[in-house]
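Read the structure below first, then the notes.
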There are 2 protein chains.
Amino acid sequence: MPDPVAPVSNLGFAILGLLARRESTGYEVAQRMRQPIGYFWTARHSQIYPELNRLDGAGLVEHEVIDGAGPRPTKRYRITTAGQTALAAWVVGDLEPQPVRDLEVLRLWSIWTVDPDAADDLIGRLEATHQRILDRYLEELAQITDSPGGRDPANPLFASRITLEGGIRSRRTALEWCAWMRTELAAAVR
Amino acid sequence: MPDPVAPVSNLGFAILGLLARRESTGYEVAQRMRQPIGYFWTARHSQIYPELNRLDGAGLVEHEVIDGAGPRPTKRYRITTAGQTALAAWVVGDLEPQPVRDLEVLRLWSIWTVDPDAADDLIGRLEATHQRILDRYLEELAQITDSPGGRDPANPLFASRITLEGGIRSRRTALEWCAWMRTELAAAVR
DNA sequence: CTCACCATGTAACCCGTTACATGATTGC
DNA sequence: GCAATCATGTAACGGGTTACATGGTGAG
């Protein structure tokens, strides 16, 4: 029987969430995780393959060997009932507040050491990257809102929709904040 | 002479930013970094002491041994001119977009696997933690806005003020998003 | 007497990125 | 022929957390 005290990492729950939506080969899991799933999580294949093996050993996923192109056997993974239970328990489990770590803000915290022109330029570049990401989110949301499942809380599209909405709101807020910072800089230069 | 190609880590720039504001012992740096500096970066002493030694070796900080209570010599660190130059160059340097990684959103992405009551409860707990952090930010901002340096872009308080403002805006947005998610859940249950 | 604080350091471990490794098939 | 895609894995390394280690001073 599988190890009952096997601790599952956050990456493990990310993968379980992915397989709960639809079964996949390890390769497909890696493809789906290259672009942020839930718009807030990424991983590479070098992390995913070992984690899939751990989840398999813990009985949270199971696999079936299928025909494939690789030199090693191709495996199709599926979440087990135990995996679904563990995932649901984690979702509603205790939240300890995670330490925030944001490189952009760390830079801004030392922005007083550069002259206002360079500061304004930096904030302009920040704005541009936020805008690009916002545009991408808006496109993705447009595709989801068309389908009816997005209104049903038991449908994965519902969760995709609300996390995407969170991303959109936070990027919009970041853009407003950038504009505000520029006026603060300009007000002082005068 | 110091190694000219020594790469400085993000932690290194966080420490330089701290020492650019005021000189400190390693212990004091660790104290100041326990609560997020710039409201978006933390570190422990076990990371800080080795990094201070690296910065010292690279000539970006210098130290003076002073009287102190520890079993080893107590050192007071100060940023050097080279350190100030390196810090300012990093602030305005290229930004590669950092991959987002948010545990809260990763959970929400799998919220469709639990029943709406548990989902509502989870979001309620999210709201509470955001609210607590927002309250703390607002208190800190109240202390800064009183002092006049906050209006001068060359004053460290200016940078503290704008990063704090960013934190406040993002927490307020998160709270609005939580409230919105609850209405979306309620709309579907009906 | 014990606890908290000052003060600096090291070691083990986890998580993530980059790079190395293998090998078949399909399109240019 | 060469690159891209499918397909799975390992190894080296960097950053971060937790825990171990040392020892003096002052407060309760």
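Here the Cβ of each residue, glycine as well, is placed from N, Cα and C on the backbone.
Taken from TrEMBL, the feature domain 'Transcription regulator PadR N-terminal' covers A:15-88. Mean per-residue pLDDT, taken over the domain 'Transcription regulator PadR N-terminal' (A:15-88), amounts to 94.
Annotation comment: TrEMBL describes A:101-185 as domain 'Transcription regulator PadR C-terminal'. Counting residues per DSSP class in helix, strand and coil order gives 75 helix, 0 strand, 10 coil for the domain 'Transcription regulator PadR C-terminal' (A:101-185).
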